[in-house]
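Enquirer: The following block contains the structure, expressed as structure tokens.
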């Protein structure tokens, strides 16, 4: 009973929800064998023909290349591309590619030389002698990708499966209308396909290998059964024709009864799926040593006179293939890359064939029908009934139209396979698939921006953390350097600080020399000043013999004598037994220098200007004022009360001054006035000003 149940389950197939049955339109192209197309004069090979990043260029403009020569290097998910024929690289530049908007992508442009020479090919006929890793690396470096439409790198897919794969499924359903590339390939190359399947099974080591094919391909089924007649490791499952039974999740459910979870992959349930065209490319890469440089493309539609399936070199312009098929375009001719439900119209025909190009449909106007106006959704739920992914297309439509990305994501818009079944059954002619494609593109753009922002935030936070660590390390170093010394070192440090403070205090105090202290130079300084005063008095008393001066000035002599006598008395008092007040030698030196400079200046001015007439009365008054100021300075300069003035000396001095004044008046009245000595007058005035300033400074010092 258990064996009977196992046998029943072995051949059992399941069904999936939804699906439609559109006209197949396959007989236009599946009746003729595969044929070759003449080489195009120029090939455009986009660097990115797969899911993932483009490879690194390894050719330059002007290089000569051979068929099968690598144009890029593949690392990780970067799949290399190869030259489709021999020729010369004439440009490496952006070119419009197979995209609904014909976006420009970096491409290598090759001018064919017509020789179509291959590189040296090295096949592994005994592939079982090579390791799993070596086989995967060879498949990857030979540019094999999923040829069923997704374009995922086959080597990466095999590497990611690992030991989790229990079921290998070969997708031979080819459910979309018009497309017969896989059907014709199975009819003409069934043995090579089965050999490629065995290579995949050798790499994955699954428990079972299943081939799923729709029952509308009787010739292909017959060819596969003939090849698999003696095989027990591969099972052929014929399934009912229903669109989209060729979808990966749908075919998995049909053959195994398992459903791929939302947001998951088929490998999560132990299933890995490959297309029959991919299996054929694996065989050519491993056994024949040929990179993928061509694929089968269906040329169909009522606008071509020779529909069929051809071996199209990758990079061949679409226009070249259609012209070979007898393309007769109408006024508003449309050319669709892919099928009528999942394909997209080409903006122009200069785009190249790539690895995921399986069909070029050129329908007539009557074949496609007139475009109908889009109307409002009537919420009939026909789209939900037809959806094979169990989604709610009408809700996704509202979310997409309203830019409600969060709600669209919550309703699993990412699980939409864009099969077009919802748009096919919509009575309002709403292009639902276009809305869903745009919404998924916007969500992907938002996620990419969020990823970039998160990476930038992570970099910023890492930098901040690094700066904080460096700051903490600096603080720790400073703290360790500022550790208090031991107790035995405290006394030495305190003594050193005391010495430093004492030196600073001594440096800030003015240098003052007290009388009687050692060394005491006050007496010497006073004697020197007295001698200088006596010399000046004698010089003033005896006129200088000069040819330009006729005689002395009695008024000036009187003034200078009085000043000299006052200074002499001051010097006597300072040189006496009483202690003298402190003398600041720096101030004395400064004042003496100022006096000498002013005297020299006055002499220079007196020598250049004419002397003014001298008034004897004014001279007497000035002499008296000078004597009074001198006595006042003596009183202020002393630290004790001023000594009493000798009246006799004062009387004598006054009498002498009066006599000199009368004599000068008489001489001035009886004889013509002689010209005054300008130099002596200037010197006397300078001395008077200096002494007055000195007295004022001394008074300020005493007050302080």
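Quick reminder: no glycine exception, Cβ is built from N, Cα and C everywhere.
What Swiss-Prot records for 377, 380, 383, 426 is [4Fe-4S] cluster 1 binding site. Look at Swiss-Prot and you will find 387, 416, 419, 422 tagged as [4Fe-4S] cluster 2 binding site. The annotation domain '4Fe-4S ferredoxin-type 1' is assigned in Swiss-Prot to 368-397 on the grounds of sequence analysis. According to Swiss-Prot, the feature domain '4Fe-4S ferredoxin-type 2' maps to 407-436. According to Swiss-Prot, the region 'Disordered' annotation covers 534-682.
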Enquirer: Which residues of the same chain, at least 6 past either end of the domain '4Fe-4S ferredoxin-type 2' (407-436), have a Cβ under 8 Å from a Cβ in it?
Expert: 18-20, 22, 243-244, 247, 249, 262-263, 341-342, 372-378, 380, 382-389, 391-393, 395-397, 399-401, 443
Enquirer: Return only the integer: C-alpha distance in Å from residue 422 ([4Fe-4S] cluster 2 binding site) to residue 377 ([4Fe-4S] cluster 1 binding site).
Expert: 12
Enquirer: Mean pLDDT over the domain '4Fe-4S ferredoxin-type 2' (407-436): what is the value?
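Expert: Mean pLDDT across the domain '4Fe-4S ferredoxin-type 2' (407-436) comes out at 93.
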Enquirer: So around the [4Fe-4S] cluster 1 site, 377, 380, 383, 426 aside, which residues have their CB within 8 A of the centroid of those CB atoms?
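Expert: Apart from 377, 380, 383, 426, the close residues are 378, 379, 381, 382, 393, 394, 397, 422, 425, 427, 428, 430, 432.
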Enquirer: If one measures from the C-alpha of residue 387 ([4Fe-4S] cluster 2 binding site) to the C-alpha of residue 426 ([4Fe-4S] cluster 1 binding site), what distance in angstrom results, rounded to a whole number?
Expert: 11
Enquirer: Can you tell me the CA-to-CA distance separating residue 380 ([4Fe-4S] cluster 1 binding site) and residue 416 ([4Fe-4S] cluster 2 binding site), as a whole number of Å?
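Expert: Cα of residue 380 ([4Fe-4S] cluster 1 binding site) to Cα of residue 416 ([4Fe-4S] cluster 2 binding site) measures 20 Å after rounding.
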Enquirer: What is the Cβ neighbour count of residue 422 ([4Fe-4S] cluster 2 binding site) at a 10 Å cut-off, with all protein chains included?
Expert: 30
Enquirer: Give the sequence-ordered set of same-chain residues, not counting 387, 416, 419, 422, with Cβ within 8 Å of the centre of the Cβ atoms defining the [4Fe-4S] cluster 2 site.
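Expert: Everything else in range on the chain: 18, 383, 386, 388, 389, 391, 393, 417, 418, 420, 421, 432, 433, 436.
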Enquirer: Check residue 422 ([4Fe-4S] cluster 2 binding site) against DSSP and tell me helix, strand or coil, would you?
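Expert: Helix, per DSSP.
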Enquirer: Highest Cβ count within 10 Å among the binding-site residues 383, 416: which residue is it?
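Expert: Ranked by Cβ atoms within 10 Å, first place goes to 383.
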Enquirer: Would you mind checking how many other C-beta atoms are within 10 angstroms of the C-beta on residue 387 ([4Fe-4S] cluster 2 binding site)?
Expert: 24
